[in-house]
């Protein structure tokens with residue numbers, strides 16, 4: 001067995017950003033609930049303070065089940081990497097530091113039963129995985145739809161040697177066997193479609209070509225009722241020949257350790273919940289466009305006008321700075337005193353990190369204006385809240401498509417990416433009204449909530465999949 005007591009021991013290696021880290025820790029917590037021992041390998045330093053705090057709270061919550069090992073990253077000259085995005089730079093820094101991983105793994109006192117690593121680390125990990133005496137698994141932290149695109153890119157690239165995706169992805173989009181319709185070119189992450197080579201594009205092409213190598217399976221935070229078509233296509237061998245099994249282990253539940261223990265955050269949530277308690281059922285729009293990209297000043301003004309005009313109460317999380325830097329100006333400086341006063345009359349505006357799951361679960365919240373980050377998608381499904389999607393970057397248009405196809409949300413494609421043209425306040429108000437007044441969205445959201453609870457509950461697909469993997473790892477250990 002993998003230890004003297006026969007306990008399954010799983011190592012997790014996440015990548016950069018809360019969008020990657022949070023689902024990794026939720027998956028690790030799920031394995032812990034079923035009796036596994038976890039080693040968390042943490043690249044240091046992290047990009048943001050939020051990541052460091054979350055790792056600390058996770059490890060403190062499971063002191064007897066989790067061993068934390070730091071992967072101290074090598075120094076990388078930013079001028080040698082063609083990106084200004086701090087998270088893309090961190091991806092590359094981690095990739096260049098993976099030669100340091102074997103000595104770290106050698107420190108483990110009990111053998112590994114399995115090694116689970118982030119999708120952004122495939123190629124540089126091959127030489128490490130080759131020497132491991134345990135199965136290895138990818139964890140794809142976005143949708144099954146996005147993973148299908150990722151896997152299919154390797155086929156397209158091999159058929160078009162020497163070409164960039166901007167050349168071989170045409171106006172008719174990406175046709176994926178098993179999908180009823182192609183993925184539109186307009187939904188492909190912009191960095192991939194740049195005519196000139198860039199870091200994100202190179203990582204995508206390099207790793208998609210190696211996705212079938214030394215890989216025993218792929219975990220995805222999704223489930224049949226939400227992404228049945230994509231999961232069936234992936235596991236039916238239609239998307240990519242030789243692809244290992246893809247396991248839908250979602251929706252992964254939020255955990256108690258995710259709640260911030262900082263006094264400022266506790267105070268912020270306390271005042272938010274008090275205000276929500278005073279609102280009528282389903283009357284509040286929750287607005288959050290993610291914590292990775294700041295909202296442009298001109299768009300903030302039109303967002304404010306739209307929220308005032310929509311006629312509903314609102315809780316608006318405003319991001320004025322990238323990552324976790326302190327905002328140097330208040331909302332009043334951006335909006336002006338008159339507009340700022342009107343906003344405060346109608347709703348609540350915060351700049352701090354909030355407990356999104358708690359907010360979405362509050363009875364007064366009737367709709368979510370979201371960027372479509374995959375964590376946010378699974379959380380809104382988990383709580384059964386209709387969604388208005390406004391993708392900001394990367395894979396978020398594909399997430400918006402999942403929400404729209406599910407029947408629990410709307411996606412105004414004409415808004416484009418959040419970094420493009422300013423969407424006017426009257427258009428924002430119109431779409432919020434459409435979401436909040438649409439009973440069919442609410443009914444479908446409720447149905448998906450029930451399906452999510454069933455999938456994550458006793459005897460559900462998530463539990464069955466996790467337990468099956470654990471038993472397989474135990475058999476492997478006995479055979480060895």
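For all residues, glycine too, the Cβ spot is worked out from N, Cα and C.
Features as listed in Swiss-Prot:
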- 20: active site, proton acceptor (ACT_SITE)
- 118: active site, charge relay (ACT_SITE)
- 20: anthocyanidin binding site (BINDING)
- 141, 354, 356, 371, 374, 375, 376, 379, 395, 396: UDP-alpha-D-glucose binding site (BINDING)
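In this view, residue 395 (UDP-alpha-D-glucose binding site) is surrounded by 24 other Cβ atoms within 10 Å of its Cβ, with every protein chain counted. Around the Cβ of residue 376 (UDP-alpha-D-glucose binding site), 24 further Cβ atoms fall within 10 Å across all displayed protein chains. A sphere of 10 angstroms centred on the C-beta of residue 356 (UDP-alpha-D-glucose binding site) encloses 21 other C-beta atoms.
Within 10 Å of the Cα of the residue listed as 'active site, proton acceptor', the following recorded positions from the list 118, 141, 376, 395 place their own Cα: 118, 141. Sequence-distant neighbours of residue 118 (active site, charge relay) (same chain, six or more apart, CB under 8 Å from its CB) are 13, 14, 15, 20, 24, 138, 139, 141, listed in sequence order.
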